[in-house]
Amino acid sequence: MEKAYEPKIYEDDIYKLWEESGFFNPDNLSGEPYAIMMPPPNVTGVLHLGHALENSLMDIMARYQRMQGKKVLLLPGTDHAAVATQARVEKNLVEAGMKNPREELGREGLLKKIREYSEQSKATILKQIRKMGTSADWSRLAYTFDEERSKAVNTTFVKMYNDGLIYRGFKVVNWSVKGQSTCSDDELVYIDREAKLYTFKYSKDFPITIATTRPETKLGDTAVAVNPNDKRYKKFIGKVFPVNFCGVDLKLKIIADEHVEMEFGTGALGVTPAHSGVDFEMYEKKKVEGDPIELIQVIDEKGKMTLQTGKEFVDKTVLEARDLVVEKLRAEGLMEKEEEIEQNVGTSDRFGDVVEAIPMTQWFIDVNKEIPGRGKSLKALMKEAVSSGLDNDKNKKVTITPDNFVNIYFNWIDNLRDWCISRQIWWGHQIPVWYRKVESRKSKVESIEDIYVGVEEPKDIENWTQDSDTLDTWFSSGLWTFSTLGWPNDTADFKTFHPTNWMQMGHEILFFWMARMILFSGYLFDGIPFKDVYIHGILRDKDGKKFSKSSGNGIDPLDIIENYGTDALRWSVLSGITPGNDSRFYTEKVEGSRNLVNKLWNVARFIEMTIVEAGGKLVRECKMPKAKTLADTWILSRLNKIIKDVVDNIDNYQFSQAAEVLRDFTWNDLADWYLEIAKIETDKSEVLNYILNTVLKLWHPFMPFVTEAIWSSYAKTSDDKQELLMVEKFPEVNVEWQEVIDFSMLQNIIINIRSVRGDYKIDPAKKINVTISAGDKKELLEENAEIIKRLARLENLQINQSANKPNDSVSFVEGGVEVFVELSGVVDFAKEKEKLGKEIEQLTKYISGLEGKLNNPGFVSSAPESIINQEKEKLIEAQEKLEKTNKQFQAI
RNA sequence: GACUGCAUAGCUCAGUUGGCUAGAGCGCUACAUUGACAUUGUAGAGGUCAGAAGUUCGAAUCUUCUUGCGGUCACCA
């Protein structure tokens, strides 16, 4: 073995070995099925650190479960990411000098460009996933936009259409002018910005003043809403006022609406049904009430003013129109106030422009309508799956970790409106709806005979035209957990692996993705997509800032792998994380990780060397050895405890905790103590071999490469058949070992002697003498005398039943024994006296605290017995220590 | 505005049903150096657990309030 672990030498070969072994494919494994679906990365570029975190989490779980003897499927895939990818490619084309890619290339031309880009991106991504060590089943690789997945999409669409849950409707939608497409409510990113609030009157004779930040939309106002209880305006309710607003004739009906706050602004609200979601709802409500108001669209799809606004405004941009309206209001003396306010506007998450509210005919999923035959809506279904379980069945319940996200999820569902699923971009699943060619677009909607909705295209295709819109990308990713398993076909995979066992994701896609997956599987087959969801936070930079291209703080995971190795990267992204919380990533952390990996390597190297020197060799199979010394008993019991901790922590999704427990054991207990002792006590081959085997297995899910590299080095020195660590059985807790308290006494004696040496600046090379007054620990200490002598660098060690404090010595009490460190000539008695005095003071305080507690009738009567006994033991121990310390104090 | 999260050592963070004289890593200080590892070892300094009140035998942990910082959703007149 090399002096230091060189990841580059091993990683690619090991990954190849794993892949060729076939064990990534569950068909080659036996046991209980365990499935994890990889959240498919968008084919918009390359993977970032967040993906490194996700891959680490998934792979830890997959490897752990596989080693637990399960038939593990970690299914990899990628997402065509409709808008995101098209937006990226268009941006690239524009940067390369193209003015309007859609116009210049046309639908097929642009799609070709996007396809090329996405295939290239996909290839890169898949390579990166391999680099991260992910034990994914490549034979089942899926893509949200491939044929099988498209079939799942169409099947779902058709079923929902037939159930009346998908409908085509005319509504105000979020429209990105830049992207020339709709977006769903969830795709909006709200930003704060400065805006002007204008308070004005429509005309001189109009009795009510209103305020707005968007004067240009007021050209489309058809009503003014006031609170029905507002005394100021009550008399106007129901009246219609014809006004001439900036040269445009409007008819404004005064309507009552409870949602209008009397105290806010002027207490009256100009209603623009065509360009405000809220106002549109009022419009629909009035229509139902039989007291309709008009709807006038004044902004078109290009973000320009429509013909409706008259000669002066038509074809002006929104901003030009706004300036013009303001100018006119000022000129006519109708503007009452102009003030700067903070406002928060929705922007398109992919195109970045402020979205316009525009009325359009689009496809929607109705979340409130009852699902035929089920007696509940999609909304109810989504709630049920997370609260009681579908149909009150606990086996159909999704558990979210950490659980505070449950409330956030419910809150989102409560505010959920019908989901607009049609997009006008070209990259995506084209809506499986065809219209008769002969008909005009408007009549298509009105006549059922002219529309065809089907999984396959209609037979007489030449007479039909497919709807040109595509589906929201989350429609296809919402089907991911089962479309990847061959659904809608009745496959063995689907039966075996669905619902999947565990899913991890970032909290930013909770609504986009988790909610949609729950919706679809609940609707389609009354099931859940996964049993447990683990929500992780996002990785931030050293200063807590988000990693982003614009701030230029991005770190390429491949660079980290290149410089430090994959295992170090995995540990770095993982350590310090807790469910749902963000964490920070910086290079110092990676250095520490690299050191840890190297430490493990050297532990193995030392163990191998020790065993070989003793005439043996490392073997892969060895039973739990017999402990021959106190140190053996201690390390084996510690190891046993660690197995339990690791298993418990992983089972509770405390990945960082599990790994930290392992690190502490490996570095402190094993390397710093036991291996040092192994240099003193001989005949440790069996124990060392057993410990190394166990530790490698425990570490494997976290650091697959270095552990497999060490494991494979065994073969060179033994006759073992070539087997992979990745399919070894994970260690089990086999015996209930007691904690070995005596060993910590031994450790503390050594630490205290070292500390005395440090205090008196004794040359580390110089050997000194120590006398111990051991009482009933005499035998035990004698058995371990060599360890104390060597680790504390002693010349002579006297262990007596009882001993008096030698002259010129520094003393301390530890675990009921008194230790005298002889330092002829250099002892500072004043200092010792002070030190012991402090110790006594502290002990006295501690004891009186314990006594107070134990004399408190409340404590004795209400505390559990185990706690009381624990406190009693503490008291006795402290009292003994105080007594001995007092004696030593007086001896000075 | 509604809901929600956080505040613990210089820094990054653990601390899982309330029961340690509150922990780790990094950093810092001092010392050590030729066979496992300087990607190291040994020892050490460093915290009124944001503040206040309450519940309890007992609070870093539970409740309420205050302060400071995030997040999500809504309002966008």
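Glycine too: its Cβ is placed from the backbone N, Cα and C atoms.
Unlike curated entries, TrEMBL annotations are predicted automatically.
Sequence annotations record features per position, and here TrEMBL assigns domain 'Aminoacyl-tRNA synthetase class Ia' to A:14-576.
Below 8 angstroms of C-beta separation, residues 78-81, 84-85, 88, 117-119, 121-122, 124-125, 128-129, 132, 506, 538-539, 547, 554-557, 573, 585 of the same chain, each at least six residues beyond the ends of the motif ''HIGH' region' (A:41-51), sit close to that stretch. What TrEMBL lists as motif ''HIGH' region' is A:41-51.
Outside the motif ''KMSKS' region' (A:546-550) by six or more residues, the chain places 48-50, 538-540 with a CB less than 8 A from a CB of the stretch. The motif ''KMSKS' region' annotation in TrEMBL covers A:546-550.
Under the heading ATP binding site, TrEMBL lists A:LYS549. Every protein chain shown contributes to the tally, and the Cβ of A:LYS549 (ATP binding site) ends up with 9 other Cβ atoms within 10 Å.
The domain 'Methionyl/Valyl/Leucyl/Isoleucyl-tRNA synthetase anticodon-binding' annotation in TrEMBL covers A:632-771.
What TrEMBL lists as domain 'Valyl-tRNA synthetase tRNA-binding arm' is A:828-890. Per-class residue totals from DSSP over the domain 'Valyl-tRNA synthetase tRNA-binding arm' (A:828-890), listed helix then strand then coil: 59 helix, 0 strand, 4 coil.
Taken from TrEMBL, the feature coiled coil applies to A:833-892.
Summarised by DSSP class, the composition of the motif ''HIGH' region' (A:41-51) is 3 helix, 1 strand, 7 coil. Assigned with DSSP, the residues of the motif ''KMSKS' region' (A:546-550) fall into helix, strand and coil as follows: 0 helix, 1 strand, 4 coil.
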